[in-house]
Amino acid sequence: MFCNILNLIVIGAGIGFLSGLLGSGGTTFLIPVLAAFFTYIIALHSASVHFAVFTALAISALTSLSSMAAYVKQKLIKKNHVRSIIPALLIANIIGLCCAIKISAFMSAILFAIFLLYLSYSIFFDKKQGIIMRYLPLMSGWVGFQSGLLGISGGSIAFSYLAKMPMEFEQSTALSTLITFSISLIGLIIGLCSHSNIKLAWATGFIYWPAVVLVTPVSSIMARLGMRTAKVLPLLLLKLIFALMMLSAALYMLSSVI
């Protein structure tokens, strides 16, 4: 048990630092690492991806809550944006999550690996696409479905679209946080209500509570250190690190199921 606690603390420190350093990708980094933890440390071979996905979303819900509350207090999240984003986001995300539960761990890993490869390419080569405000509901629905199917909080996907919209950078960040929290909260609820055939101590549904309790505070602390480090590193180096991390995670996910 002590080794498991130590592993989770190290995971929280590493993921938090990378998230702060690169500005996004918390669950994107966390899912492959937790999948490896559940596969090799806990020996959950058949359900490791599902436990990794929903545990990561539970952690994301808690870590993004304080940020969202701060943005609401600063009035950076407006009612008209909430009305445009939330309905389509929630419906599409629930559909995506329900699809994710039904498909096999093998297919989940393949889909997630493909997404990571695309993200690696788009970040490194700075792939851009224009988007205007009237497509905000469509964008939020697409982000919600993708996030649900892949089991990620959607912050990095959402921000890539929001950054191209006619709004301030701070507001793009605020809306991305709103999307992250909303998607993570849905994942937390569905993860709690899901039935797992594997009986794991200290778990409810597909959520492993020791990981939530240990990773959440450690990652929040290390994220601040990562943010300070990012200020002194060149942008090209940060993009290269992000792309290589995504590529490595994709290759691991593929190798674990092939």
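Glycine is no exception: its Cβ is also placed from the backbone N, Cα and C atoms.
As stated in TrEMBL, the feature transmembrane segment covers range 174-194 out of the listed 48-68, 174-194. If you count C-beta pairs under 8 angstroms between the transmembrane segment (138-162) and each of 84-103, 174-194, 206-226, 232-254, the highest count goes to 84-103. Residues 29-30, 33-34, 37, 41, 210-211, 214-230, 233, 238, 241-242, 245 of the same chain lie 6+ residues outside the transmembrane segment (6-22) yet bring a C-beta within less than 8 angstroms of a C-beta in it.
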